[in-house]
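In what follows, a structure is listed as structure tokens, so that the remarks can point back to it.
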Amino acid sequence: MGLGAHRGRLNIQSGIEDGDMYDGAWCADYKDRHQWLEVDAIHLTRFTGVILQGRNSIWSWDWVQTYKVQLSNDSVNWQSCMNGTVEAIFEGNQNPETPVLGLLPVPTVARFIRINPQTWYPNGTICLRAEILGCRVDDPSDIYASERDPGSKDALDFRHHNYKEMRKLMKSVTEECPDITHIYTIGKSYMGFKLYVMEISDNPGKHELGEPEFRYVAGMHGNEALGRELVLNLMQYLCREYKKGNQRVVRLVTETRIHLLPSMNPDGYEAAYEKGSELAGWAEGRYSFEGIDMNHNFPDLNNIMWDAQEKAEDPSKVPNHYIPIPEYYTKEDATVAPETRAVISWMQDIPFVLSANLHGGELVVTYPFDCTRDWAPQEDTPTADDAFFRWLAAVYASTNLVMANPDRRICHYEDFQSHNNIINGGAWHTVPGSMNDFSYLHTNCFEVTVELSCDKFPHASELPIEWENNKESLLVYMEQVHRGIKGVVRDKLTKQGIADAIIKVEDHNHDIRSAADGDYWRLLNPGEYKVVVWAVGYFPSMRRCHVGSEPHPTVCDFTLTKTPIQRLKDIRAKGGKIPQDLQLRLRALRLRKLRASTKAINQRRESQRLQGRRARSSGAHRA
């Protein structure tokens with residue numbers, strides 16, 4: 001069953017274990033020219049071609065070198081595809097991975113089609129992965145005629161957009177909704193393509209006090225094209241629904257500052273786009289122009305934190321957030337893509353609270369940590385916020401129409417339905433230097449990865465149904481940015497916001513920091529929490545904050561009082577006169593310190609005196 005017909009989909013992936021039954025292809029039981037793979041198109045179809053790959057396996061090499069194509073209307077009587085007066089022989093593969101297109105000499109209408117291998121790699125056997133090309137035709141006698149493929153009621157631009165077309169679409173959205181949209185760039189790719197971001201907010205262009213920042217990032221792997229199109233669809237949808245007065249969308253836009261980056265790797269996408277959805281393969285366009293996998297290109301802060309914890313006398317004193325970027329990573333000759341540098345700078349400039357990184361090739365949502373401890377290939381490696389990350393992943397997966405379908409087939413060799421379509425990243429496979437882990441450890445932002453589809457680059461005709469599969473998930477995930485607590489940390493005297501105040505939640509060994517204006521957001525599941533806030537030069541402040549089940553944050557503001565010493569430093573820096581109340585507090589503080597130090601000295605002297613007496617007494621007994 002692991003090499004059955006259902007394993008014959010183009011670009012399907014293999015298992016990684018020796019003898020894995022799900023090993024990346026359909027394979028025939030026998031090595032002769034009478035083997036075939038048959039596809040039932042359900043409806044009459046004008047077949048135009050076949051795309052073939054070999055078997056994806058780390059243990060064997062198998063591919064079909066030549067093949068015939070046979071067609072039928074009843075699956076009983078078959079006609080071979082002809083090239084003039086002789087049977088057409090199609091060229092197959094020369095390696096396991098490269099997709100090869102074979103066009104029928106004459107497009108032919110039928111319901112069934114067979115691929116009939118004629119020759120194969122001499123040291124292998126008959127194995128293949130395939131995609132059939134064709135278009136459905138009208139058939140008055142078709143009993144399934146009413147079961148048209150579902151589409152979408154939303155009149156969006158459902159097609160694949162190259163760089164030029166993407167820019168046009170984004171510009172058209174800003175022209176349609178100028179009051180709530182703003183386009184900006186965060187940098188350029190290696191080939192000079194700009195990394196465009198669409199901001200959607202009721203006050204675009206600036207951060208509003210107390211309003212959380214959200215982002216979707218797509219196209220990190222350039223050939224995983226579905227995320228790019230979904231983000232472009234989302235721009236159009238939010239614009240049009242806001243204009244219609246859709247209350248859910250109006251609430252999202254007015255209460256959230258949304259940032260949408262549809263193409264993090266435009267160089268890779270252009271390479272995949274040129275090949276097209278069928279011929280791009282599994283890796284064409286995945287990497288940057290320089291051959292860098294951006295999903296492994298962020299600083300590995302996990303091991304920096306874990307190593308520091310192991311060496312520390314008190315691991316609780318080791319920083320658990322805002323871990324700085326290591327020096328080696330910042331050097332000019334470091335292997336860091338310009339696209340990665342641009343995204344890091346973007347993360348540092350905007351106080352993002354929640355994000356999702358859209359990928360393709362599977363159907364699952366993964367959550368940090370992505371990197372395992374001690375370089376284990378697979379190991380559950382939870383964060384301090386594991387419960388909330390599981391909630392975030394489940395929110396997307398449970399509302400995705402394909403993931404939530406119990407009857408769907410697995411994409412490749414792993415059954416993620418047994419995990420409710422969510423998994424810890426490290427438990428799937430370790431990814432050092434992932435964007436998810438970096439986002440969590442270097443900024444306040446929580447981020448998950450969404451694997452959107454078995455097919456990385458679905459055909460344009462599939463985009464409407466893919467939008468419907470993901471529309472609710474995209475919306476409900478954004479709404480999670482309003483869970484937990486939020487507030488402003490202010491100076492008691494000046495009432496000004498305090499930047500970089502540290503917000504600590506009891507029993508959650510991951511702190512966050514306030515933004516430049518003093519506002520903060522802490523994502524939390526429902527419950528009662530003891531929250532302590534402190535900043536340099538201030539006395540700490542503690543509050544108990546209740547988080548309810550509704551997707552509305554609990555407001556927990558904090559007012560901090562400066563220490564007398566800090567007040568003195570500030571006054572001296574400005575050359576001001578020290579007020580009498582501060583003089584009295586400083587005098588009282590000095591007296592307390594003097595009493596404490598005197599008490600400590602007296603206790604130490606008494607201890608030494610007692611030790612000396614015991615020593616003399618012991619000497620007398622020995623004598």
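Every residue gets a Cβ built from N, Cα and C, even glycine.
No curator has checked TrEMBL annotations; they are predicted automatically.
Taken from TrEMBL, the feature domain 'F5/8 type C' applies to 1-135. According to TrEMBL, the domain 'Peptidase M14' annotation covers 159-481. Annotated active site, proton donor/acceptor per TrEMBL: Glu451, in sequence order. Look at TrEMBL and you will find 599-623 tagged as region 'Disordered'. Summarising the annotation, TrEMBL assigns compositional bias 'Basic residues' to 611-623.
Counting residue by residue with DSSP, the domain 'F5/8 type C' (1-135) contains 3 helix, 69 strand, 63 coil. Long-range Cβ proximity for Glu451 (active site, proton donor/acceptor), meaning a same-chain Cβ under 8 A and a gap of 6 or more residues, is found for His359, Gly360, Gly361, Glu362, Leu363, Val364, Val365, Thr366. Summed and averaged per residue, pLDDT over the domain 'Peptidase M14' (159-481) gives 95.
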